[in-house]
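Taken verbatim from TrEMBL:
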- 1-20: region 'Disordered' (REGION)
- 57-79: transmembrane segment (TRANSMEM)
- 85-103: transmembrane segment (TRANSMEM)
- 140-266: domain 'Palmitoyltransferase DHHC' (DOMAIN)
- 183-204: transmembrane segment (TRANSMEM)
- 224-247: transmembrane segment (TRANSMEM)
Amino acid sequence: MGVLALGKESEGRMQSSGHRLRDVEQHHPLLGGEEELDGAAPGEGERVWFIQDGCGMVCAFMTWFLVLYADFVVTFVMLLPSKNFWYALINGVAFNCLAVLALTSHLRTMLTDPGAVPKGNATKEYMDSLQLKPGEVIYKCPKCCSIKPERAHHCSICKRCIRKMDHHCPWVNNCVGENNQRFFVLFTMYIALISTHALVLSGFQFFTCVKVQWSECSDFSPPVAVMLMIFLCLEGLLFLTFTAVMFGTQIHSICNDETEIERLKNEKPTWERRVRWEGMKTVFGGQPSLLWINPFAGLRLRRLLTTRSRRGGPEFSV
């Protein structure tokens, strides 16, 4: 990490990390961190954030495929053939609502800029515009040539420095950072809920089908129905274990105001910690409300759909 010292009294020697430059950049959740295109009207230079990583895109596709597979088995194998109308209706609506919330949270996590620092902003003109005091030290990332705010770390996959970077998750094909941690927490929570729901429904379905000896239990043949439900149970157990653990670690990190990277590196906090409810309110925004668990909150769909480059096609930040 490069260190740039400003002021006559501080030239040639490093200062403590407590004098790092605080975050001075305003950031838009749908921007890729780049400056607007020259001559573009307001909003025309905005970019949708998307990481073009092969492994991440495959994992994201697998996530959607497995969720849609679970929805297919629950809806068409278990609920629609049921003779109990209200049982099928209530569970069908509940499961599909949870699936929509989970996939929406996944999209918001994947397509939201996690807090990327603009590349190549460590220029003399930019540093002069910061009007730093003599003796104040700023840090420069040698990999992306950007001024590194406090608590930012460089991601080798995103190829950017990310504010409050927790980790890079291939399942959402993005880093989990300052701007999208809330959506990642919601994603893990809703996946854990639909996994639990699918396991409960599978257990009840097995019990019911064995009781009636698989007669009129499903529109599928017994061997096919059994194989589909067995795979669903394995998927549910795997997803429930993984997402429940991730949800717990994320809540713990938020309540302690410490990212996973900071915990693994055993970094001593040089910032004012916002613990417990203060940390939760910082990540989820405002006082506790239903908006905390709503992945649609703050979504500017019109702006997202009209985002175009000057060539007329969708533009991605990498």
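Each Cβ is built from the backbone N, Cα and C atoms, and glycine gets one as well.
Just so you know, TrEMBL annotations never went through curation; they're auto-generated.
Mean per-residue pLDDT, taken over the domain 'Palmitoyltransferase DHHC' (140-266), amounts to 90. Counting same-chain residues at least six beyond the ends of the transmembrane segment (224-247), those with a Cβ under 8 angstroms from any Cβ of the stretch are 66, 69-70, 73-74, 77-78, 185, 187-189, 191-192, 195-196, 198-199, 202, 205-206, 209, 214, 217-218. Shown for the domain 'Palmitoyltransferase DHHC' (140-266): DSSP residue counts in helix, strand and coil, namely 71 helix, 19 strand, 37 coil.
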